[in-house]
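> The structure is given below, and queries will be raised subsequently.
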């Protein structure tokens, strides 16, 4: 939790309150910040604090480690292709039970415990997300976002609730799909014209040298990000995250951020300080 001194400092900065009052921020939550209880507590307290000072946060989550744990308990061997979980029907059943029934409700309870008001959802609720199959049929029930309906989200955030969304949705026939949580967050941010899309990761951000954290690129445009991808400065698992940011920016999101979720209070440091701590992408 923030100290009283830190809270007073933020709350006394009228420019911050004016700048962000009623603005929507969509946060994709994953990585070490989900596995480490101390980091988890900090993320939750940051969310609640941001809602207290007038922002309207929305949390989107996956839950890979928890899924793997329960697959192991049920003697189901996880399979991956190029880092993407191959999702047959038994795996899809576990994914949905774990993300919607366990991880999501644990996050909701944690937010409520720290003084916020939260509602847990999946993409199925209120037709929030309509899915379609991935263009890679060998991945099984891995889906893409076909449509986003934000009516339910708008009702919730306009009444000071913090929506927590599991990245599971269904197609028009009712078949469940496992969708990348970055993608879900980006599409929701775009549809809501969010002020910020924030991806919490296990890296400092976009680095010129992947092995040197001091080479962090703190600010870049869409074109600069594309150029860095062409020259392989942006590579591997960072490519889909950057592409997600680019898509959301192209659809009206004001800024997209890739942060190190292993840093205490990473959200507040990025949003409420001039220098930030991660990589910010803008149009």
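Placed from the backbone N, Cα and C atoms, the Cβ positions cover glycine too.
From Swiss-Prot, for reference:
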type: SITE; residues: 28; note: site 'Transition state stabilizer'
type: BINDING; residues: 63, 64, 85, 178; note: substrate binding site
type: SITE; residues: 241; note: site 'Transition state stabilizer'
> Given the binding-site residues 63, 64, which one's Cβ is surrounded by the fewest other Cβ atoms within 10 Å?
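Candidates: the binding-site residues 63, 64. Fewest Cβ atoms within 10 Å: 64.
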> Within the chain of residue 28 (site 'Transition state stabilizer'), which residues six or more apart in sequence place their C-beta under 8 angstroms from its C-beta?
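Looking at Cβ-Cβ distances below 8 Å from residue 28 (site 'Transition state stabilizer'), excluding near sequence neighbours, one finds 60, 61, 181, 182, 184, 185, 186, 197, 198, 199, 200.
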> May I ask for the distance between residue 241 (site 'Transition state stabilizer') and residue 178 (substrate binding site), taken between their Cα atoms and rounded to an integer number of Å?
17
> Under 8 Å Cβ-Cβ from residue 85 (substrate binding site), six or more apart in the same chain: what's there?
64, 67, 78, 79, 91, 95, 139, 142, 178
> Out of 178, 241, which of the recorded positions has the smallest number of neighbouring Cβ atoms within 10 Å?
241
> Could you state, as a whole number of Å, the largest distance between Cα atoms of any two of 63, 64, 85, 178, the listed substrate binders?
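Between the outermost Cα atoms of 63, 64, 85, 178, the distance is 12 Å.
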